[in-house]
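Please find one structure pasted underneath; my questions will follow.
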Amino acid sequence: MGVLPVPAEVRAILLDIEGTTTPIAFVQDTLFPYIKDNIKEYLRAHWEEEECQRDVGLLRKQALEDSSLDGVVPIPLESGSGEEELERVIQAVVDNVRWQMSLDRKTTALKQLQGHMWRAAYATGHVKGEVFEDVVPAIRKWREAGMKVYIYSSGSVEAQKLLFGYSTEGDILELFDGHFDTKIGPKVESESYRRIAESIGCATNNILFLTDVPREANAAEEADTHVAVVIRPGNAGLTDDEKSYYSLISSFTELFLPSST
């Protein structure tokens with residue numbers, strides 16, 4: 001795809017994770033199945049813990065908000081009437097989470113529980129975060145050139161830090177100046193990018209956002225943020241219009257920084 005010059009006004013690079021720094025297959029074939037396969041066992045083991053109860057409370061609240069949606073699984077309150085009832089409640093949480101995941105929901109409640117489950121998986125070595133081989137060397141070069149680097153993903157900040165803290169390249173958290181998730185707003189809404197710029201302390205046109213999703217790129221552009229769409233193995237295909245409209249890269253090494261001459 002050649003070289004893509006980074007506009008001189010850019011001071012920060014904002015990175016998506018899935019399909020950008022990390023193969024989609026890692027998320028789809030490793031992280032998500034881990035949740036589906038281990039959630040019941042995890043809930044049984046941690047049910048009495050405050051963190052787990054907070055997670056379940058958030059999921060219960062989300063289920064109420066989702067009550068008009070087809071297939072939603074409500075999560076009943078516990079009345080303390082024994083083991084059988086506890087199993088019913090746990091099963092409802094399991095079914096709710098699997099339902100949300102089947103629809104590829106990005107709710108904060110779901111992401112929070114997933115983050116806590118992945119924390120246990122990473123810490124015990126069951127999972128290691130995958131990154132494309134061009135990612136670490138490229139980010140080191142950007143940082144040497146004075147560029148700030150941030151992550152913006154629909155996965156929770158905690159899940160992001162686990163992926164990069166327990167990665168196949170070791171602990172690479174030092175490469176990032178900050179992390180954003182959907183608490184700052186959905187990635188398909190332009191206002192989110194304005195909030196990120198405000199949080200970083202720069203104008204939106206001082207940011208270059210790299211993502212594999214055209215809808216996200218469009219939202220960022222609407223906020224006057226520079227964008228490039230990343231083409232990686234396993235990513236969804238782009239339409240001809242998208243290919244001709246967006247700046248495209250297939251590796252982070254294709255970005256050319258003015259200060260790196």
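Heads up, the Cβ atoms here are built off N, Cα and C, so glycines get one too.
Feature table excerpt (TrEMBL):
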BINDING   ASP16, GLU18, ASP212  Mg(2+) binding site
BINDING   SER153, SER154, LYS187  substrate binding site
Per the record, substrate is bound by SER153, SER154, LYS187: how many Å separate the farthest pair of Cα atoms?
8
Relative to the Cα of LYS187 (substrate binding site), which of the binding-site residues ASP16, GLU18, ASP212 has the closest Cα?
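Nearest by Cα distance to LYS187 (substrate binding site): ASP16.
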Determine, using Cα-Cα distances only, which of these binding-site residues is closest to SER153 (substrate binding site): ASP16, GLU18, ASP212.
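Its closest listed neighbour, by Cα, is ASP16.
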List the same-chain residues at least 6 positions away in sequence whose Cβ sits under 8 Å from the Cβ of ASP212 (Mg(2+) binding site), in sequence order, or say none.
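Those within reach of ASP212 (Mg(2+) binding site), by Cβ under 8 Å and sequence separation of 6 or more, are ASP16, GLU18, GLY19, THR20, ILE24, VAL229, VAL230, ILE231, ARG232, ASN235, ALA236.
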Check the binding-site residues SER153, SER154 for other C-beta atoms within 10 angstroms of each C-beta and report the one with the most.
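The residue with the densest Cβ neighbourhood is SER153.
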Have a look around GLU18 (Mg(2+) binding site) and count the other CB atoms within 10 A of its CB, chains all included.
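For GLU18 (Mg(2+) binding site), the count of other Cβ atoms within 10 Å is 23.
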Same chain, not part of SER153, SER154, LYS187: whose C-beta falls within 8 angstroms of the C-beta centre of the substrate site? Give them in sequence order.
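The answer, listed by sequence position, is ASP16, ILE17, GLU18, LYS106, TYR152, GLY155, ASP181, THR182, GLU216.
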Enumerate the residues of the same chain, ASP16, GLU18, ASP212 excluded, that satisfy the criterion Cβ within 8 A of the mean position of the Cβ atoms of the recorded Mg(2+) site; list them in sequence order.
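Counting only non-site residues, the set is ILE17, GLY19, THR20, THR21, THR22, ILE24, SER153, THR211, VAL213, GLU216, VAL230, ASN235.
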